[in-house]
Amino acid sequence: MATSTMNIETPETLGPHQNGNSKPHIEETIEAKNWLLLIINCALVFCGVIGCPLLMRLYYLHGGSRKWLTASLEAAGFPVLIFPLIFLYIKSKSSTQNNDQSTSFCMEPKLFLWSAIVGIGYGVAHFMYAWGFSYLPVSTSTILSATQLCFTAFFAWLIVKQKITAFIINAVVVMTLGSVLLGINTNGDRPIGVSKARYLQGFLLTLAASVLCGSMMPLIELAYSKATRNVTYATLLQFQITLSLVATGLDVIGMLINKDFQAIHREADEFGLGKSKYYMIIIFTALTSQLASIGFLGVILYTNALFIGIYGSVLLPFIEVAGVIFFHESFTGLKGMALALCLWGFSSYFYGEYKLMNKAGNNKSAVEKIDEKVENEPKKLDDQEPPYNTV
């Protein structure tokens, strides 16, 4: 796994007045803390990425049809982030008083601007995803969404100068072939009442949303790298709140134009599972989507944009299984072939990263051995003091 070179926490934030002998212990503590936060964010992505498509499909299957509403749900759950942000603010104030540090809790204006730009991009992508998902089964839409890795890899190379290896190129090629196979098979797995033209429209919209989201993640990594202060988790929460606020505002404008607010009450009354479950689906869709979003930002913060694209692809088989179990969707031969190509693609990436890590570890060991050898060499006679004084 390629990790980011940006320091998330500094030794000074972990304890005051550290001496030189404690530096290795501090570095180990920082690394352990970052790994823990990375695992937590991966868990958030896992819950959100699997839960959100299933809930959205449930909404459409039982009578839901408001595309701008479902698009807004992708970001509308951001108020739930205010509570952990308040907790971190109180903790930051207490830490500042105890350690007498003059650190700023608020996100710097530069990151605020970046989060607004990314929020506009995600607002458009949310609508395209919502529209595309309404015409596609869960299994097809999620495999198409997995092609986001290809575009993430390209934009990571273009925007943040990510090193592209032969293994990454192989992953991009085979996963693109997988999406092409899905586009060829427009018969057989179309939901009831969806025409061939609508199926193709959903296919193209979902693919376009993957392109747009693929460009957003390297932009987020670039924004982190442009920060002049340390990017803490409190900064990440503020970044996500601003991003979601902008994206939600964009989607709400669409809802007003499309008169979705007037239609929500009527749609709830006519919903196949009942009014209460209608609102439960809406609330849980917003929450699971927010879990995925904050997890995405956290994983990018502690690794890089390309890794989160790979991790999203890793979750693909779990979404496939969930779609077959809960909605009894067919798993055709072409769909299985496309899934196999996706599995081949991210397996290639992991193998490439494994080789790079081994190579880096061997190089580091070789350098340490050379340094140790130089330190242990006896001093030259010219540098040594004479054993006696000459008269």
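The backbone N, Cα and C atoms fix where each Cβ goes, glycine too.
All TrEMBL annotations are machine predictions without curation.
What TrEMBL says about this one:
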REGION    1-23  region 'Disordered'
COMPBIAS  1-22  compositional bias 'Polar residues'
TRANSMEM  35-56  transmembrane segment
TRANSMEM  68-90  transmembrane segment
TRANSMEM  111-131  transmembrane segment
TRANSMEM  143-160  transmembrane segment
TRANSMEM  167-184  transmembrane segment
TRANSMEM  204-224  transmembrane segment
TRANSMEM  236-258  transmembrane segment
TRANSMEM  278-301  transmembrane segment
TRANSMEM  308-327  transmembrane segment
TRANSMEM  333-352  transmembrane segment
TODO: State, in range form, which of 68-90, 143-160, 236-258, 308-327 has the highest count of Cβ pairs under 8 Å to the transmembrane segment (204-224).
DONE: 143-160
Task: the transmembrane segment (236-258) and the transmembrane segment (333-352) contact flag, 3+ Cβ pairs under 8 angstroms - done: no
